[in-house]
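Heads up, the thing below is written out as structure tokens.
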Amino acid sequence: MMTIQRYSLVFCAIFATCWTASVVNNKQVIDTSVPQTETTLNDADFHSDLHQRYDLQTLGIKVKDDPTIGNYSEGDILLESPKKFVEENNKLGRNAIKQIYRRWPNNEIPYTLSSQYGSYARSVIANAMNEYHTKTCVKFVARDPSKHHDYLWIHPDEGCYSLVGKTGGKQPVSLDSGCIQVGTIVHELMHAVGFFHEQSRQDRDSYIDVVWQNVMNGADDQFEKYNLNVISHLDEPYDYASIMHYGPYAFSGSGKKTLVPKKSGSERMGQRVKFSDIDVRKINKLYNCPGVSGNNNNNNNNQINSNSIVNHPQV
């Protein structure tokens, strides 16, 4: 028995393939004792095996699969309210604000990362960025202060949130310990790329009913719709499986459903596991990505694995 264990340890040391849940600790997620400075990811983060799904709840971390932060517009968008966003953009003459606030130039999104993220969090964030790198032409690049004035500042504030599109300067994206999951990070970064939530579409009432009596007090504005002067559907159908869609219990004040689908194909509504095919196509259309894999119509938009089953969010 000891011989088997010895050989196993040697194999792990040589091939670095034996990352187990037992070696994850809270400081490998976020270590607030570290002075907060701006860093970037390195090659080791992008090639690490540490991103493999880990149950953060075993560390006492409250996981935020579907954040419902009442102080933010639509739960995780850093705006005062959807209405204010529309009013501000009306003042701008409704200038090409279709589905994005501002598009990032050259399909590159510069970023910096808080030094408080540990090795596990860094690998998960890198894996989420890799989803964009392999399926779209959008690239997250380490900020070069000499040429990047506008950039994302990814740090552990309170909850998970992002602004929509490029807003200028040092632009915050918050990923606290409960947000360190690949799907949740992909979702927040998709806001930064330029997308609102799927159920904000003008045509959403043809696909879902909002059960207003089940919505928590003061949260009605979390279900605002944007008209086509503000967002574009990019000629894509409504997507229940989008990583940008709310789950059925979002902002529930009673534990009952707030969103009820009207059509079939909604089994994974609210999933936070991976892009749907339509998500990928929309990003590629928005950024004019040429010949990027993932633009095919292989009719598997709703084929998300069993880990994506949506549970009642903590509200």
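Here, residue 1 is simply the first one shown, and the rest follow in order.
The backbone N, Cα and C atoms fix where each Cβ goes, glycine too.
Note that this is a predicted model, so its numbers are computed, not measured.
Among the candidates His155, His197, the residue that Swiss-Prot names alongside His187, His191 for the Zn(2+) site is His197. Of the cysteines listed (Cys137, Cys160, Cys179), Swiss-Prot assigns Cys137 as the disulfide partner of Cys289. Neighbour counts were taken as the number of other C-beta atoms within 10 angstroms of each residue's C-beta; across the binding-site residues His187, His191, His197, the minimum falls on His191. Around the Cβ of Glu188 (active site), 23 further Cβ atoms fall within 10 Å across all displayed protein chains. Here the CA atom of His197 (Zn(2+) binding site) lies 14 Å from the CA atom of Cys160 (disulfide bond). If you take the CA of Cys289 (disulfide bond) and look 10 A around it, you hit none of the recorded positions from Cys179, His187, His191, His197. A strand conformation is recorded for Cys160 (disulfide bond) in the three-state DSSP classification. With the fewest other Cβ atoms inside 10 Å of its Cβ, the least crowded of the disulfide-bonded residues Cys137, Cys179 in this structure is Cys137.
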